[in-house]
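Enquirer: Okay, handing you the structure first.
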Amino acid sequence: MKWKKFTLTTTTEAVDLVSSMFDEIGIEGIEIEDNIPLTEAETKGMFIDILPELPPDEGVARVSFYLDPDSDTNIEEMLIKVEEGLDELSMFTDLGARTIETSETEDKDWINNWKQYFKPFTVDDILIKPTWEEIPEEHKEKLLIEIDPGTAFGTGQHETTQLCIRQLKKYVKPGDLVLDVGTGSGILGITALKLGAGEVFGTDLDENAITAVMENMESNHIDPEKFKVLKGNIIDDKEVKEAAGFEKYDVVVANILADVIIPLQKEIPVHMKKGTVFITSGIINMKEEAVKQAFAANDAFELVEITYQGEWVSVTVRKK
Ligand SMILES: C[S@@+](CC[C@H](N)C(=O)[O-])C[C@H]1O[C@@H](n2cnc3c(N)ncnc32)[C@H](O)[C@@H]1O
């Protein structure tokens, strides 16, 4: 389908106001391009450890929106509303160049485009399959995990997720209580449940994780009561710590970036039973040493195993 794409060139300062004006007049799904570096919180949520070099931020932003010429939306009327909205905003903020370029594009479905690259695949004897795909005949006997991450992280394709899945296979026992920090789509918690765990408690900073986990529990036909998810940071939020509970977990898994694992490892032992394991990944090889040193400095843990896939590292430790 061909969409009309409209790109407004404005200032970075005006982007928030322009976005909410677009929202108010009924424009859905915008795309923002600027040279503002991502914040620390954004990079953690997006799982980017090394940021690309950006040209300097000169305060210019491009905000694009898409209109379907075959829908009921009258494009001319919508563009009049856009201009009226911009006139109003110009009284409060500098709109910069305020030019609108028009082009045509085949596809505006960037939220769903990745789905064409997500096909069933195996991690040893586990089959991970998008919810919308059929089970391949040759994998019918494998342990099945069905996933639709939505806009949360976690299709299972990432090396770090696979490293954690292999460690879960080694350590999860029937009836175990599992803590999944940075749960994303819930793929690790769901794998633990499929491996026999009794219950999972998940946390994530991204609220999309909450709905993704619930939907994926349903797709995997597991009682939703077995996987509780809470939005928040177990590192520094007392409520999240208390909701997770103390001295109770048999396995803890956290597939987050090294810069989160390092502060996190200090907080986790209080939630674990003695002798149980903490599986971590999300560690790029150049940060392996820093993570190992952090664990070595923590008297609560002893190192069990380090595993590798591509340039990614997983560190598993045991609570003494
Ligand atoms: C790489 S994804 C892992 C998702 C899934 N567990 C997997 O293995 O595919 C990391 C997740 O951790 C979340 N995250 C980052 N920092 C966090 C923190 N301090 N506490 C909880 N979640 C966090 C991100 O929002 C993201 O969903």
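Cβ atoms are placed via backbone N, Cα and C, with glycine included.
Please treat TrEMBL annotations as automatic predictions, because they have not gone through curation.
Sharing the record's features from TrEMBL:
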{"type": "BINDING", "residues": "Thr161, Gly182, Asp204, Asn255", "note": "S-adenosyl-L-methionine binding site"}
Enquirer: Between Thr161, Asn255, which of the binding-site residues has its C-beta surrounded by the fewest other C-beta atoms within 10 Å?
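Expert: Result for the binding-site residues Thr161, Asn255: minimum number of other Cβ atoms within 10 Å at Thr161.
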Enquirer: Give the sequence-ordered set of same-chain residues, not counting Thr161, Gly182, Asp204, Asn255, with Cβ within 8 Å of the centre of the Cβ atoms defining the S-adenosyl-L-methionine site.
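Expert: Here the non-site neighbours turn out to be Phe153, Gly154, Cys164, Asp180, Val181, Thr183, Gly184, Ile187, Leu188, Val253, Ala254, Ile256, Gly282.
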Enquirer: What is the biggest Cα to Cα gap, in Å, among Thr161, Gly182, Asp204, Asn255, the residues listed as binding S-adenosyl-L-methionine?
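Expert: For the residues that bind S-adenosyl-L-methionine, the greatest Cα distance is 15 Å.
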Enquirer: What residues, ordered by sequence, lie under 8 A Cβ-to-Cβ from Gly182 (S-adenosyl-L-methionine binding site) and sit at least six positions away in the same chain?
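Expert: Within the chain, Gly182 (S-adenosyl-L-methionine binding site) has Cβ neighbours under 8 Å at Thr203, Asp204, Leu205, Ala254, Asn255, Ile256, Val260, Gly282.
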